[in-house]
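Features reported for this protein in TrEMBL:
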type	residues	note
BINDING	10, 11, 12, 13, 38, 121, 123, 201	NADPH binding site
BINDING	122, 148, 149, 172, 195, 208, 213, 214, 217	1-deoxy-D-xylulose 5-phosphate binding site
BINDING	147, 149, 217	Mn(2+) binding site
DOMAIN	4-129	domain '1-deoxy-D-xylulose 5-phosphate reductoisomerase N-terminal'
DOMAIN	143-225	domain '1-deoxy-D-xylulose 5-phosphate reductoisomerase C-terminal'
DOMAIN	257-373	domain 'DXP reductoisomerase C-terminal'
Ligand code: NAD
Ligand code: MG
């Protein structure tokens, strides 16, 4: 029996993880569940899955849950509680499914404690990729990607990295794929969050619409698979059936396919190196529309270009890109800036932040905070 700590349990990845776990009650138990402040949803999850711990970052929300939580569920509060549970002696696997840089600290705790990290929180790698990979190597922690593209590549690479030529991440292109650039200035948060293939949280949905999601994924892939950006390509594939490809020198290309349902990647991260039922329907290729592939329009998807620029720049640039993106996406969701302002804010933040190397976790956190402040001040000037 493996004890699973699901950090970000009330979100899209968290709920899908609980769905897969519940299909295998003899293999996995939901040891801990967390949310930021949504105590009502967390309470429902407690009643259904009876974890040992329920964590709410927000103190007041935790007090509300303490009054209602089923007997036997201990309610913890504060950010430190996330780190404590990620490294808890009884935790076997950590599902890192908090959204944004807020997930970094607990991911590092799990890495230093030698846990299996099922990594959905790509922002952890974008912020502190080299440090995180080193921490995991040192402790023996396993990092199994949950992002569907990275899970696909990870699965393909089980055949080995020898003769590897390049990897190719597929991108749906998001809800505005067929919209002309000029119309993008008018799109609303609701339209941006209405992804054609995947049901996801708001932040990643906007990231998909700007294609910053793919940019963050290029950075994520470079750290996970130890590859330079020149060996990581992006290709638009609107049907989201081919989840990514690995090209070898002998002309062979391996890819992993499946319906767009995150439970496949989540299930693989749980059962690796084995496989198990995940609840995902079997793919019937005869019933799929034709599969299309084309190169991304880098002018339209400026955020993708900025991500490539940040990874080439190295040092603090990916962290600055991520921080500015989080602040800009939040402002867009609150109708404070337009969709096209997102990339402008990120570009300005990147240009105004001197490049430096970040060798420690506190320096990563400091760069994150300074970049957020800078992005926020640029947004207020934008008014
Ligand atoms: P979501 O918005 O649906 O859920 C986020 C979860 O994090 C919630 O449980 C929320 O309570 C918690 N949370 C939010 N802010 C927090 C904070 N400051 N401190 C602690 N907890 C906080 O997000 P999601 O779509 O499930 O995405 C989660 C992560 O997985 C993201 O990093 C995303 O990029 C990645 N991911 C998601 C998908 C997907 O299909 N949803 C696919 C690939 C990768
Ligand atoms: Mg992805």
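Glycine too: its Cβ is placed from the backbone N, Cα and C atoms.
Everything TrEMBL records as a feature, shown here on the structure.
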{"residue": "10", "record": "NADPH binding site", "Cβ neighbours (10 Å)": "23"}
{"residue": "11", "record": "NADPH binding site", "Cβ neighbours (10 Å)": "25"}
{"residue": "12", "record": "NADPH binding site", "Cβ neighbours (10 Å)": "19"}
{"residue": "13", "record": "NADPH binding site", "Cβ neighbours (10 Å)": "28"}
{"residue": "38", "record": "NADPH binding site", "Cβ neighbours (10 Å)": "17"}
{"residue": "123", "record": "NADPH binding site", "Cβ neighbours (10 Å)": "30"}
{"residue": "147", "record": "Mn(2+) binding site", "Cβ neighbours (10 Å)": "27"}
{"residue": "149", "record": "1-deoxy-D-xylulose 5-phosphate binding site", "Cβ neighbours (10 Å)": "27"}
{"residue": "195", "record": "1-deoxy-D-xylulose 5-phosphate binding site", "Cβ neighbours (10 Å)": "19"}
{"residue": "217", "record": "1-deoxy-D-xylulose 5-phosphate binding site", "Cβ neighbours (10 Å)": "28"}
### Query
How big is the Cα-to-Cα gap, in Å, between residue 11 (NADPH binding site) and residue 147 (Mn(2+) binding site)?
14
### Message
Given 13, 213, 217 as the binding-site residues, which ones have a Cβ positioned under 6 Å from some atom of ligand 1?
### Response
13
### Query
Which of the three DSSP-derived classes (helix, strand, coil) applies to residue 13 (NADPH binding site)?
helix
### Task
Could you put numbers on the helix, strand and coil content of the domain 'DXP reductoisomerase C-terminal' (257-373), residue by residue per DSSP?
68 helix, 2 strand, 47 coil
## Note on the structure
Whole-number Å distance separating the Cα atoms of residue 201 (NADPH binding site) and residue 147 (Mn(2+) binding site) is 13
### Task
Using C-alpha atoms only, work out the spacing between residue 122 (1-deoxy-D-xylulose 5-phosphate binding site) and residue 147 (Mn(2+) binding site) and round it to an integer in Å.
8
#### Entry: Inter-residue C-alpha distance, residue 13 (NADPH binding site) and residue 195 (1-deoxy-D-xylulose 5-phosphate binding site) (nearest angstrom)
15
### Query
Using Cα coordinates, what distance in whole Å links residue 123 (NADPH binding site) and residue 217 (1-deoxy-D-xylulose 5-phosphate binding site)?
9
### Residue pair residue 213 (1-deoxy-D-xylulose 5-phosphate binding site), residue 12 (NADPH binding site) - Cα distance, angstrom, rounded
16
### Query
Taking just the CA atoms, what is the gap between residue 38 (NADPH binding site) and residue 195 (1-deoxy-D-xylulose 5-phosphate binding site) in Å?
24
### Summary
As a whole number of Å, the Cα atom of residue 217 (1-deoxy-D-xylulose 5-phosphate binding site) is distant from the Cα atom of residue 10 (NADPH binding site) by 23
### Contacting binding-site residues for ligand 2, chosen from 11, 38, 122, 147, 149, 201 when the Cβ sits under 6 angstroms of any of its atoms
147, 149
### Query
How many Å lie between the Cα of residue 195 (1-deoxy-D-xylulose 5-phosphate binding site) and the Cα of residue 147 (Mn(2+) binding site)?
16
### Task
Tell me the Cβ neighbour count for residue 201 (NADPH binding site), meaning other Cβ atoms within 10 Å of its Cβ, over all protein chains shown.
18
